[in-house]
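In what follows, a single structure is set out as structure tokens and then discussed.
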There are 2 protein chains.
Amino acid sequence: MKGRRVPRSRLRAVLRLCLVTDAALCGDRGVPAVVRAAVAGGVTSVQVRVKDGSDRDRLAQVRAVQHALHGTGVPLLVDDAVDVAVLAGADGVHLGQSDLPVEEVRRWLGPDLIIGLSVSSVEQASASECAAADYLGIGPVWATATKPDAAVPLGPEGLARVAASAGRPAVAIGGITAARLPALRGRGLDGVCTVSEVCAAPDPAVVAARLRAGWDGGRR
Amino acid sequence: MKGRRVPRSRLRAVLRLCLVTDAALCGDRGVPAVVRAAVAGGVTSVQVRVKDGSDRDRLAQVRAVQHALHGTGVPLLVDDAVDVAVLAGADGVHLGQSDLPVEEVRRWLGPDLIIGLSVSSVEQASASECAAADYLGIGPVWATATKPDAAVPLGPEGLARVAASAGRPAVAIGGITAARLPALRGRGLDGVCTVSEVCAAPDPAVVAARLRAGWDGGRR
């Protein structure tokens, strides 16, 4: 890591519209091309997620996205793989409940990178370890095909309860579309994450722009 | 990492009989109990391998084995997961061809930990990146059920060719039993690795002792 490139004062702005990559959904266009289009449309951060594949594949995909993001100012996070994030010099990591413990990762890597943590319940969001995370990713809000092992969907009401118990910056994930954004307003969120809606879109820039406008227009 | 606990002068001695753990084969006894027995029998290093399971499981298993090894002087390596190795303060990591690149891991972590690299061919063993590894794990010598995705078995002759092109400390892995040790003599090896032969043994201490005596008796 080369020092905090995302000051804490910018964190909430960076969380507005988070793209989580899915190579299968990006298809033949490739992940970097979809990322470039999504950023042109208004994505404010990118998390590279490679569920299947080796660490070497993961590192290569992170570097390709890093190259695509060069000069845009949009931060890059790595899902799960802390070693890949460190080797690549990413801006942060996003951890799940079964990944390396967030408090230990924070102690190891210090304050200079963003750490996100996935939570699916009030219990998880109020756990003391959350204090070591910069933000919480809450979900799934709705059922989603991109993460078949995900917990039972929270729905907007459940999401609001989890966000209220979080006491930290929070984003929602899982089945989010532009049409569903109104249901997420007033739920205490800083932003929303998108996977399939943008990665599988024929025109990722257009869909990203629609999500961004929908979110910015009716925020909080 | 807390400094090199295994001086280079001890490396070849440490490689004599390497136990690679397999939780399924250890069964209800648990990995730490099998490790303790194997060390009592003469194992000189332990590599914790958790192919399935989350990073959190992996970290927990590494720590449990670390506890079992406390005071024995036997070093602990972690398979694949560099971040787990660093968090746990392990003595080293063992990397495969599709794991994080050995040269980058060496630059990142410095000289103070052991790095092993798996190779399956003369080509891989003569690659320039091998210079960043402390030792090479060559295999599989014979077919093995514990790594169904492994390359075609080298056989003792093929193993000798790979070891000759390595030019670094080397151990053999894959289907090794006490009865097969004579076939590995004079092949340029510093030691042998065992997975199923010890992990699945009714008495791991006895089998480890047999392997150790067989190897020490007819070394090189």
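Every residue gets a Cβ built from N, Cα and C, even glycine.
Record check: TrEMBL places A:GLN47, A:VAL48, A:ARG49, A:VAL50, A:LYS51, A:SER118, A:LYS147 at the 4-amino-2-methyl-5-(diphosphooxymethyl)pyrimidine site, and the matching candidate among A:ASP79, A:ASP91, A:ASP99 is A:ASP79. Residues A:GLN47, A:VAL48, A:ARG49, A:VAL50, A:LYS51, A:ASP79, A:SER118, A:LYS147 are the ones the record ties to 4-amino-2-methyl-5-(diphosphooxymethyl)pyrimidine, and the longest Cα gap between any two of them is 16 Å. Regional average pLDDT for the domain 'Thiamine phosphate synthase/TenI' (A:17-198) in the model is 96. Chain B lies within reach of A:ASP80, A:ASP99, taking the binding-site residues A:ARG49, A:VAL50, A:LYS51, A:ASP79, A:ASP80, A:ASP99 and requiring a CB-CB distance under 8 A. Just so you know, the Cβ of A:ASP99 (Mg(2+) binding site) picks up 21 other Cβ atoms within 10 Å once every protein chain is counted. Of all the binding-site residues given, namely A:GLN47, A:SER118, the one with the smallest number of surrounding CB atoms inside 10 A is A:SER118.
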